[in-house]
Structure formats: structure tokens, C-alpha cells
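Below is one structure; the comments refer to it alone.
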Ligand code: GLC
């Protein structure tokens with residue numbers, strides 16, 4: 001009856017009982033040793049520092065906090081120089097970047113930056129708890145506050161006015177603005193207020209709720225259990241907050257280059273012949289592709305670590321042949337292990353005590369694809385190791401990428417997951433599933449990534465995951481789960497991926513074309529245009545839906561989808577450079593405009609356009625029969641990527657976008673590196689093109705290259721080539737300097753294309769005049785440099 005009007009029957013209205021919260025009360029006394037410990041009337045609070053600009057606060061009702069960290073953390077507290085001033089009403093504890101004020105009666109915390117600007121403060125309400133040991137923290141909300149992050153959430157970019165729950169959930173029902181919990185839980189957010197940013201990471205693995213809706217004056221974060229344990233990240237820029245957050249939770253390794261290519265999937269390419277036919281169509285149509293996915297049908301009765309030999313009699317040679325053609329096979333691996341007394345993985349799991357159990361010791365069994373199944377207890381190191389070693393089944397066949405799905409963990413029952421009373425061993429510190437539910441996917445990702453890495457003898461693994469918690473970026477790329485072939489879902493993918501990026505996860509993307517429901521040629525075209533610029537680019541669709549491979553909708557759609565897949569390959573050197581930046585700094589590849597323009601109100605909730613790096617703006621068409629759209633260009637001069645038409649920013653413009661056009665704008669002062677189109681990332685580049693969009697100032701770009709496949713970049717085997725361009729009056733000066741020359745790329749030629757040049761100029765490269773340059777139409781000055 002919940003989906004008829006009966007759901008809103010007046011008799012259903014429940015009495016609105018407000019929860020009784022107990023404030024921690026006044027400060028009684030405090031101690032300062034390694035950390036600051038405050039005893040209050042109804043609880044203990046600690047303060048410690050992880051850097052000058054990162055403070056950790058914990059609170060436990062009625063007893064001392066344990067200070068145990070969740071699985072998210074990569075950093076230990078640091079000995080930071082602090083000054084503590086005691087005043088009658090309050091204490092002031094200062095680092096060089098953060099000032100923490102502790103008011104005594106009642107106990108309240110406020111954090112300021114070193115210039116005295118308020119970051120967070122508590123007012124009438126501060127930290128509190130309920131009889132049921134739920135915990136909550138209230139903070140004042142400023143009228144100028146805008147909120148970002150929160151991992152994977154539906155709706156628009158700015159989360160002010162939302163109430164969001166973190167509880168990893170398998171949601172096949174259409175995702176819509178009121179869908180709350182999805183597959184990932186990242187209890188972290190960034191506030192931007194008057195151009196400055198700070199962040200809060202609430203490291204609690206229980207179900208948590210962030211309420212930015214119930215009041216205009218304050219917001220709160222709440223957890224169903226555990227300790228109140230959160231970090232204040234001082235900013236002051238949005239980029240600083242991401243750097244601080246990823247200092248705590250880690251950054252991704254540089255992915256293998258092939259993971260950045262175009263990926264084709266379907267639930268399911270059911271047998272070897274289908275896969276071969278698929279590959280031959282890609283070859284025949286000369287469409288680039290780097291990976292093909294095997295969904296659950298490849299397995300024997302959906303048993304993980306098996307192949308169905310009726311369907312895939314030559315699995316091993318198929319994988320080898322495809323590798324030789326530059327295509328990787330990525331099989332799906334779910335956590336559920338079929339209950340089957342004759343199935344070695346189940347036998348081993350039972351014998352070696354690897355499965356989740358009730359406190360009484362019975363293995364928890366729940367239904368997923370293989371039928372009744374057991375679930376590995378990834379909270380134990382030995383289980384993660386076991387699972388990691390099992391990946392050998394795949395790596396021995398030549399597989400280098402694994403797709404982890406259903407790892408919320410999803411179970412086909414009312415609650416959609418395992419019993420909350422299941423006990424996870426947690427290396428001898430047992431905890432209930434109610435507490436560890438949200439980290440199940442993260443730990444499975446860790447087991448998979450670590451196992452693959454061990455077995456691939458120096459090659460970079462690729463893991464794709466559906467579920468995760470803060471820190472998931474260390475192990476896996478994240479796709480946004482079971483979307484539908486709805487225009488609205490394509491639109492929603494943008495703020496979702498942008499907020500994931502702010503939440504430290506740079507490698508994300510939706511199922512291009514839409515998973516459930518039937519796509520159309522037009523939707524697939526527009527979605528492929530968007531997908532070419534989302535960090536992760538995979539076309540995937542559900543069982544029983546119409547075919548949605550690039551050629552499935554006739555010639556025009558086929559031509560355009562191919563053009564954009566090729567465009568992805570062209571942009572790879574630039575994208576790869578940005579992935580390297582994400583590895584170094586945590587900054588996302590796909591960015592909301594507010595990250596670069598936090599003072600510009602037009603960007604605060606701009607959800608249907610995004611930036612690639614700092615200075616490339618993508619504005620997809622997200623409606624049917626629509627060939628124009630409004631694009632917001634922030635301050636500066638912007639070039640239309642296709643026509644080189646220049647626009648003055650700080651305004652909205654109307655652009656034309658026929659079906660074959662994705663509006664792309666490049667900011668003056670930018671440089672972009674492009675490669676020739678190729679059918680797989682495995683094909684070496686013969687040259688690289690550097691597009692320069694010169695400005696009045698000196699323009700700079702650092703191109704990054706390495707072998708794209710091994711970890712040798714961690715031993716300094718990479719190239720960082722700094723290119724500067726100074727365009728003034730009648731001349732263009734280019735300077736090229738290898739800041740680090742630990743790798744020699746396949747290409748030996750650099751083709752320079754200097755845009756927006758209206759007449760021939762004298763060109764100097766590292767002080768030498770270059771005489772063979774020519775001026776193309778569209779005012780592009782072109783020349784080649786050979787090494
Ligand atoms: C889940 C996944 C989907 C996959 C399907 C079958 O719904 O989200 O991507 O195709 O399971 O494995």
C-alpha cells in the first residue's frame with residue numbers, strides 16, 4: 001500500500017515525538033599530556049592534532065573515549081606545537097593554523113583560523129547523546145554556508161537544505177532526489193562560506209545522519225552508536241580542505257592507463273562467442289576500447305572464482321587473445337560465496353573460519369545471485385589475505401582488473417543487507433555488523449586491490465567497486481551503481497561525481513547510456529559525450545534492455561559516439577596528467593566550478609557543468625531534442641574548443657550544440673596535451689600535441705608521463721616536462737624544461753598549436769628561433785619539435 005495514496009492517509013500520521021538529548025554539560029576539569037582531555041558533567045572530550053590545520057575531537061558519553069580510529073585513517077596524530085591560554089570563561093588552544101576555543105559553562109567548542117575567522121562553533125546546543133547511546137553534534141550554520149561532499153548522493157551539488165543518511169545500500173529502485181542512502185558512505189563534507197572553505201570528517205562507521213535541513217541556524221551530525229569522533233579541516237581554500245581530508249584518508253595510486261580508456265560492459269556478455277563478436281565489431285568499426293566486462297553469467301552457477309566452461313570453454317586463451325589486441329577482461333566478483341558443500345571456496349571458508357558469524361558461532365547465510373551464500377569477514381586481516389590470494393585464479397589467466405559489486409553487502413531480504421547482530425571478528429576486537437556495515441565494501445576493496453597488486457608482479461591493478469567508505473579511493477574506482485536510462489539520471493551523475501570528487505574519490509563515473517530501462521540513440525549519444533569526460537568511462541546496461549553498444553542505433557549515433565570515444569583517447573595525455581595530480585594532491589579530475597571559483601555565487605550550486613582540471617569547462621546537453629543551452633563562463637577569457645571563438649567570462653552565454661557537439665570551453669592561459677587517436681591505450685603514441693591558449697601572462701603547463709602500467713613511477717621513473725609560453729607583441733617564446741627526466745616516452749615529436757594568434761609571429765623555442773611554423777585557419781600557429 002506504500003505506493004498508493006494510502007501512504008498519505010491522515011490516520012498514518014505519527015505523533016511527532018522529539019528525541020531527548022543529554023548535553024555533555026559543563027567542564028569539570030581537564031588534563032594536558034599527549035592530548036587534551038576534558039571531563040564534563042556527562043561525558044569526556046579529547047582534542048588532538050594531526051597537523052597544524054587538522055584537529056581531531058572525540059566525545060564519549062559518561063566515560064573516556066577509546067580514540068580507536070576507523071579503517072579510514074592513514075595518519076597518526078602528530079606532536080604539533082600548541083599554546084594553551086586559560087581564561088576564566090574559556091580555554092584557547094592554538095596551533096599556527098587553528099585556534100580551538102573551549103567554553104567551560106556549558107562545554108562548547110569553536111574553531112577559528114589563525115586570523116580569527118570562525119570555522120565551526122557550537123551555540124545553544126553542542127555535543128549530546130541519547131539514552132540509546134546515539135550521539136550528536138550541533139554546529140551553528142551561517143546564512144552564507146554552502147555544503148559539498150557527502151560522498152555519493154542524489155540531487156544537486158549544494159547540499160544545504162538536505163538531510164542525508166550514510167548507510168551503504170543496494171538501491172535498484174530509480175534513484176531520485178529523495179533517494180537517501182546509496183552504495184557509498186563518506187561521512188565528510190566541506191563548507192564554503194564567503195569564499196573560504198573548511199571541512200568536517202565525522203569518522204563513525206555506524207549509520208550516520210547529516211541534517212542541514214531542520215534548522216536555518218544550526219546543522220548537526222548524528223550517529224546511531226559509537227563515539228563522536230570528528231576532524232576539523234581548516235582550509236582555507238576548497239583545495240586545501242581536499243588536501244587535508246586526503247592526508248587523513250589517503251590518495252589513489254596512479255591507475256593503469258588502460259583503466260582510463262573506454263570500457264564496454266553489459267549484464268551479461270554471456271559466452272565466449274558473444275565476447276568475440278563484440279570485439280570484432282569494435283575492430284571492424286575501428287572504435288577504441290580498452291576493457292570488456294564479464295558480468296555474473298561467466299561463472300559456474302554464480303560461484304566466484306570459477307568460470308562456466310560451457311559458456312567459456314577457452315576462457316584462458318580468450319583473455320590472452322584479447323590482451324594481444326589491447327583489451328583487458330574485467331570479471332565481476334561479488335562477496336557472496338555460494339553455500340555448497342562441494343565448492344572448494346565455500347569449503348575453505350568454512351574450514352578456515354573466514355565467514356561472518358552470529359555471536360553463537362553460526363555462519364550467517366543470506367541470499368544473493370548464487371542462492372544461499374556466506375560472506376567473508378573482511379574485518380580480519382587473515383580473511384583479506386585469503387581473499388587477496390584467491391584473486392590468483394584471475395591473475396593466472398591474465399586478468400588485471402576486478403569489478404567488486406554487491407559489497408554493501410547486498411542481501412535479497414527486507415533489510416537489503418546482513419543481520420545487524422552478525423559479529424565481525426575485527427582481528428580480535430569483535431564488532432557488530434551494525435557498527436561495521438559501512439566499511440564492508442572498503443575492506444573488500446582493500447583485500448582485492450592488495451591481492452591483485454601482490455600477484456601482478458609490479459603491474460598496476462584496477463579495481464572497480466560499488467560500495468565504500470571514506471578512504472575507498474586508496475583501492476578502487478567507484479561507479480554510481482544502478483542508474484536508469486533516464487535523461488534525469490545523466491544529469492544527476494554530474495553533481496554525484498563532483499561531490500564524490502570533493503569527497504576524495506577522483507576516479508568515478510556513471511553507467512554510460514544508463515543501466516536499467518531502455519536507452520535511446522539520442523540519450524546514448526549525449527551520455528557518451530559526457531562519459532568521454534567523466535574520470536571513469538564505461539557503457540553498461542541491464543539484462544533484458546535494448547543493446548546499447550556505440551553502434552546499436554544506426555549510422556549517425558554510431559558516428560557521433562565513435563567521435564567522442566576517440567576524443568577520450570585524444571585527451572588521454574591531459575587526463576593522465578590530471579590523474580597524476582589526483583594521486584599527488586587528492587584533487588579530483590572532474591571538478592565543480594565552485595572548487596576553482598569559490599567567490600562566485602553563480603558556481604555555488606552549478607550542477608550541470610563541470611571542469612576537467614582547472615581550466616577546461618564541459619557543459620553537456622542533458623535533455624532530449626535540445627540543441628542549445630546556457631553555459632556559465634566564470635571570469636576570464638574562454639575559447640570554444642571546437643571553433644576557437646573567444647568569449648569574455650563572468651556571464652552566461654547561449655551556445656549551440658547540435659547532436660554531434662558537446663560544448664567544451666578552454667580558458668585563456670591553459671595548455672592541453674593531446675595524443676593521436678588509437679584503438680587502445682596499449683598502442684604507443686608517435687607524437688603529442690600541445691595546445692596553447694596563450695594569455696598576456698606567462699602560461700605554464702607540466703606534462704606528466706610514465707610507462708602507464710607499472711609502479712616504477714614510485715622509483716622516480718617518470719617525466720615531468722614543464723612548458724612555458726609567453727606571447728607578446730610579435731613573438732611567441734616557448735621554453736621547455738624537463739623538471740624530472742626519469743622516463744623517456746614513446747613519442748619523440750611535440751606538435752605545438754598556439755591558438756588565438758591573428759598574424760604570423762616570430763617563435764623562439766628555448767631561445768632558438770623556429771622558422772618552419774605556419775598559421776592555420778582559425779588562427780592557430782603550428783610547429784613541430786623533434787627530440
Ligand atoms: C548489480 C550491479 C550491476 C550488475 C548486476 C548483475 O545490479 O549494480 O552493475 O550488472 O548487479 O551483476
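The first residue you see is number 1, and the count goes up from there.
Placed from the backbone N, Cα and C atoms, the Cβ positions cover glycine too.
According to TrEMBL, the feature domain 'Glycoside hydrolase family 31 N-terminal' maps to 45-211. Residues or ranges marked as domain 'Glycoside hydrolase family 31 TIM barrel' in TrEMBL: 254-578. Here TrEMBL flags 586-672 as domain 'Glycosyl hydrolase family 31 C-terminal'. Per TrEMBL, the feature domain 'DUF5110' maps to 689-756.
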Q: Within the domain 'Glycoside hydrolase family 31 N-terminal' (45-211) only, compute the mean pLDDT.
A: 96
(Q) Is it possible to list how many residues within the domain 'DUF5110' (689-756) are helical, extended or coil according to DSSP? (A) 4 helix, 39 strand, 25 coil
(Q) Per DSSP, what is the helix/strand/coil residue tally across the domain 'Glycosyl hydrolase family 31 C-terminal' (586-672)? (A) 7 helix, 33 strand, 47 coil
